[in-house]
Amino acid sequence: MQEKIIILDFGSQTTQLIGRRVRELDTYCEIVPYNKFPKGDETVKGVILSGSPFSVYDESAFKVDLSEIRGKYPILGICYGAQFMAYTNGGKVEPAGTREYGRAHLTSFCKDNVLFKGVREGTQVWMSHGDTITAIPENFKTIASTDKVAIAAYQVEGEQVWGVQFHPEVFHSEDGTQMLRNFVVDVCGCKQDWSPASFIESTVAELKAQLGDDKVVLGLSGGVDSSVAAVLLNRAIGKNLTCIFVDHGMLRKNEFKNVMHDYECLGLNVIGVDASEKFFSELEGVTEPERKRKIIGKGFIDVFDEEAHKLKDVKWLAQGTIYPDCIESLSITGTVIKSHHNVGGLPEKMNLKLCEPLRLLFKDEVRRVGRELGMPEHLITRHPFPGPGLAVRILGDITPEKVRILQDADDIFIQGLRDWGLYDQVWQAGVILLPVQSVGVMGDERTYERAVALRAVTSTDAMTADWAHLPYEFLGKVSNDIINKVKGVNRVTYDISSKPPATIEWE
């Protein structure tokens, strides 16, 4: 059985980041709601308590009885988690005189404490809290301080229980990964045996046992998640897997043909469906973004359902759902707040059992598994692309001509990123067709044509993103190529908005 660390989620925006950092230590972990600890699970080696947007003294704050956990497992409380343990054991937590957000330095810490093994003097940590621990219980010992925070970390004397006021999981905490390694490996004793190869071996065995000789259908999008899921399933059940790739007419230029070729080279059994006329007809005159998404979502379900029913004896629907989808689909109280983005509604409509072979993986782990499976690098490193495709990058109504313009402009931009060695430095990139026209001069003639916006961002998880600071020379070359080569465009802009407050996609 796979050993694991349990992360109790109290609602922090960085809880998933804790999970990713633990996984980077080649250790398996699971994120569960703060009140859903898996009692009786003998594979649990330690527990991490996340941060939270709440104050521990609020009536509405999330509270949990740790008596069955404390003493049985090592515990590390982060921010709210640290405050919660101090407060519920008789310590004091109060609003900070000055909220501390951003970089701080550990001015002193107990170098002989196992949590700080290998941590450098004055190391930078990341603070993000409005409350602070002002007094700790008698059996708690302060083990680190910053200039502004006297109790930056503590340990319960005689117990494997620690609390840190800062966020070791955040990139800006310079030795944060080392601290997590000290806890996960040295304290909890995890073996660090979680790897792409071990995941593939165990998952293929599980899929064979789960599916037997049953037939499975999977909807492909051309993206990383569904592609890796397909190759993994193909390794487990071979010809019993049938994949369906629907072209709604709003994919990137030549994408349907190129991706179908990739899938065939991977030995997948793929049915390609050109449903572009259906989608263009149903989208005619629609301008509201959410209506576009719903029309495309329903249309995909209808086409997929129709094609799947042509197959005989299918019992399972496979999806490329990944771990963040599963986490986001439940609130920390266990109620649904967001349905899976993959093929929402299909399992119920088709009366099929659901198979999600990647449901335990983060995005970066999906890519690592893809490499281990021998998939081509250009398929593994593809940028995220919205399910509705270019429909949400065309502001206003959608026509085949607008899609043609956007496909041509987007192709120049993306190929330019590849040619200049910039593609892998960017999390996501694309072109937006704006609902405006502008005056220009080409040759000796006045033009009145469309404007487009280039969008490229850097990110690690899409929760936050910064606009990519691409070279001016590159932007100038792309702008010139688009204006000269794409009929109908005479102006190019560059979107320099970050998320937040803007989103990555315009619609």
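Residue positions begin at 1 at the first shown residue.
Every residue, even glycine, has its Cβ placed from backbone N, Cα and C.
Copied over from Swiss-Prot, here are the features:
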DOMAIN    4-193  domain 'Glutamine amidotransferase type-1'
ACT_SITE  Cys79  active site, nucleophile
ACT_SITE  His167  active site
ACT_SITE  Glu169  active site
DOMAIN    194-382  domain 'GMPS ATP-PPase'
BINDING   Ser221, Gly222, Gly223, Val224, Asp225, Ser226, Ser227  ATP binding site
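Taking the features listed in Swiss-Prot, we show where each one sits on the structure.
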| residue | record | DSSP (3 states) |
| --- | --- | --- |
| Cys79 | active site, nucleophile | coil |
| His167 | active site | coil |
| Ser221 | ATP binding site | coil |
| Ser226 | ATP binding site | helix |
Residues within 8 Å of the Ser221, Gly222, Gly223, Val224, Asp225, Ser226, Ser227 Cβ centre (excluding the ATP site residues themselves): Leu220, Val228, Ala229, Gly320, Arg382
Distance [Cα-Cα, Å, rounded] between Val224 (ATP binding site) and Glu169 (active site): 25
Euclidean distance between Cα atoms of Glu169 (active site) and Ser227 (ATP binding site), Å: 30
Neighbours of Ser226 (ATP binding site) among the active-site residues Cys79, His167, Glu169 (Cα to Cα, within 10 Å): none
Neighbour tally for Gly223 (ATP binding site), based on other Cβ positions within 10 Å of its Cβ: 19
Proximal residue to Gly222 (ATP binding site) among active-site residues Cys79, His167, Glu169 (C-alpha distance): Glu169
Nearest recorded site to Glu169 (active site) by CA-CA distance, among recorded positions Cys79, Ser221, Gly223, Asp225: Cys79
Rounded Cα-Cα span from His167 (active site) to Gly223 (ATP binding site), Å: 32
The residue listed as 'active site, nucleophile' as reference: those recorded positions from His167, Ser221, Asp225 with C-alpha within 10 Å of it: His167
Asp225 (ATP binding site) versus His167 (active site) - Cα distance in angstrom: 29
